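Here TrEMBL flags 127-157 as domain 'LRRNT'. The signal peptide annotation in TrEMBL covers 1-22.
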Amino acid sequence: GCRMRTPAWLGIASLCLGAAWAVPAREERRKAEKAKADLALYESLDLDNYDLTLDNYGEILDLNNYEELYDYGDLAPKIEVGTLAPRPKDPMALPNLGTTAETPKLQPPTTAGPIHPAPIPAQHLPSCLLCLCIGTSVYCDDADLEHIPPLPPETTYLYARFNRIGTIRAGDFTGLKKLKRIDLTSNFISWVDADAFRLLPSLQELILPENRLTALPELPRSIVRLDARLNRIPSTGLRPEAFRDLKQLQFLHLSDNQLDYIPAPLPESLRSLHLQNNNIQTMHQDTFCDSQDHSQIRRALEDIRLDGNPINLSLFPNAYFCLPRLPTGRF
């Protein structure tokens, strides 16, 4: 009987040892298979779009509007940071510091009502609390504004799109001698004071589409681009010869208004004229070219849009002889 029991115990022991050895072996095989699967998954990933390096960072992100930084540190209030630990809530937890002079108690206010802080004058309210200031650019897009906020004196670019601004006053831009671009797209502007923009010596771009304008204000001679598309401007809303003296004007976009005629004379600097979707029905032969000078060549004016108007351009063949290409429209 003892001889039979001994082989049985040996068999059981060998089985147990085999199982113990099999566990780490299976674990090693599982890890190896998982590593192979992870490697295959990694190799199948498309990493072509993950190549953002310092070499091509400027190509992917356009930083042209982030001008030189302007230091507003002098305008920001300085905050003193104390070094005292916070006071424990339990008075019994305070350490015994010995006898000290008694702190005078504050007298209760004599007025019955609550005390309100003094209002901050509007001219002292930093516009960068309402808008985002980056360098000399001020971004006030979609800020629920009803008027132009006070701007830092070094402002060069203003973006105040998608607000509820209804009126532009002459004092809104007083003293902003470095202001180059004003973008007021998609507001409720129906009135602009005559001198609101005229006195800005550096203004080059005035962007006013999608408003309610019925007249254009006087413009500074530095203007290069005027965009007043999608307004309600009739021909009577333009001053006579409004663009003659704007020797820097290159882009004049007045499409989707209520113009009855092309606003001539146009400066020789003009490169792009967009007047589509107005009510223009006729044209003078001197609108673009000097009918007395048949040797004239007007090389700059290459983009003229007159489509969407009730005018037949084929009725005015002598109006285009000086242009490098014909206007776009119905012939």
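From the backbone N, Cα and C atoms, a Cβ is placed for every residue, glycine too.
Those TrEMBL annotations? Automatic predictions, nothing curated.
Since this is a predicted model, take the numbers as computed values, not measurements.
Mean model confidence for the domain 'LRRNT' (127-157) is a pLDDT of 94. The helix, strand and coil residue counts that DSSP assigns across the domain 'LRRNT' (127-157) are 3 helix, 7 strand, 21 coil.
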